[in-house]
Amino acid sequence: MPLTPAQQAEIDAQRARSNETRRATVPGIESHLYTAHPVLDHGFIRVIDYMGDDSAITQAARVSYGRGTKAVSNDEGLIRYLMRHWHSTPFEMCEIKLHVKLPVFVARQWIRHRTANVNEYSARYSILDREFYIPAPDDLAAQSVVNNQGRGEALTGDEAQRVLDWLRDDSTRAYDHYEAMISQDGQQGLARELARMNLPANIYTQWYWKVDLHNLFHFLRLRADAHAQMEIRVYAETLCQIVKDWVPFAYSAFEDYRLGGAQLSARGVDCVRRMLAGQEVTQETSGMSKGEWREFMDVVRAGEA
Ligand SMILES: Cc1cc2nc3c(=O)[nH]c(=O)nc-3n(C[C@H](O)[C@H](O)[C@H](O)COP(=O)(O)OP(=O)(O)OC[C@H]3O[C@@H](n4cnc5c(N)ncnc54)[C@H](O)[C@@H]3O)c2cc1C
């Protein structure tokens, strides 16, 4: 784990404190608070704070005065209804604040999600740590031959070793030069804001990231998906577990309608209807392109041998 004893002591002290409050709290996410969940070789996700629970969603939907006027069992049904019908604003009533440590190339993908509040570690002000993401051998994959934006089988033998050596050596050399440039030992020392340009994209950065549940679900829908790059997907998967413990009804609806669900075009719906009526439908008679047909068949034939 990438934490120093001093950092761990700070976390332990924070976890040892508790406050009495009238606000809604959720035991499932209280157990995550401040803990650093490891991701990749040096990264982590920590929950710093949260606001709201499943009831906050239904309270807002009903604009109620208290915890709600209906039974808990109805809350789950209402949340499923809201999710099914894209009635999204009640989900914005819940918020979560995270501390994330991640490689810069993952951060570049993550930061594209604009509907969050971010404050990143300043490499103008502070010195970056000597920590680089080096993929595990199984994750050192070749370029995919079917998807330009994907990866295939893991590299093997001499090639795998050569790539790993280059990744380690280049990172080490770049950091050595970074340190040498900022050093004020017998020289002026280059400004940190300039010296950092020499560092590779696998160096780790950190930020606080605050987002509401609606936009977090959007992030998870895209980044926990099989098409997302593995290095961001593992963060999304860690977050999925946290969200499941925080708002179990909302997460379950999200899992059902978004993560596990599929969206069909009007042509897709027409094809399903024709198939159910016993007609043979092919790509040529579907009105879909080859790529669209392949994706459609992946949905309707999933699980077939
Ligand atoms: C598998 C995958 C591959 C990708 N490949 C590429 C790539 O090759 N190149 C690339 O540049 N990006 C790529 N992206 C990034 C992608 O295009 C989006 O930028 C990213 O997923 C963030 O999505 P978003 O804009 O919906 O999210 P957010 O920024 O969180 O926005 C959420 C929603 O808010 C609304 N919104 C937010 N800001 C605005 C705005 N200014 N105007 C109007 N509506 C707004 C939109 O409805 C948006 O969907 C890829 C993403 C994925 C998941």
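A Cβ is built for glycine as well, from the same backbone N, Cα and C atoms used for every other residue.
Feature annotation from TrEMBL assigns active site, involved in ionization of N3 of dUMP, leading to its activation to Arg223. Listed in sequence order, Gln109, Trp110, Ile232, Arg233, Tyr235, Ala236 are the same-chain residues at least 6 apart in sequence whose CB falls under 8 Å from the CB of Arg223 (active site, involved in ionization of N3 of dUMP, leading to its activation).
Counted within 10 Å of its Cβ, the other Cβ atoms near Glu120 (FAD binding site) come to 13, all protein chains included. Among the features that TrEMBL reports, FAD binding site is placed at Thr89, Arg112, His113, Arg114, Glu120, Asp212, Leu213, His214, His218.
For Gln109, Trp110, Ile111, Arg112, Glu120, Tyr121, Ser122, Ala123, Arg124, Arg196, Arg223, the entry in TrEMBL reads dUMP binding site. If you take the C-beta of Arg124 (dUMP binding site) and look for same-chain residues 6 or more apart in sequence within under 8 angstroms, you find Ala191, Arg192, Glu193, Arg196.
Mapped onto DSSP classes, the compositional bias 'Basic and acidic residues' (12-23) shows 5 helix, 0 strand, 7 coil. The compositional bias 'Basic and acidic residues' annotation in TrEMBL covers 12-23.
The region 'Disordered' annotation in TrEMBL covers 1-23.
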Cβ atoms near Thr89 (FAD binding site) (within 10 Å, other residues, all chains): 12
Listed binding-site residues adjacent to ligand 1, that is, members of His113, Ser122, Arg124 whose C-beta is under 6 A away: His113
Number of other Cβ atoms within 10 Å of the Cβ of Ser122 (dUMP binding site) across all protein chains: 11
Distance, Ser122 (dUMP binding site) to His113 (FAD binding site) (CA atoms, angstrom): 20
Rounded distance in angstrom between the Cα atoms of Ile111 (dUMP binding site) and Leu213 (FAD binding site): 17
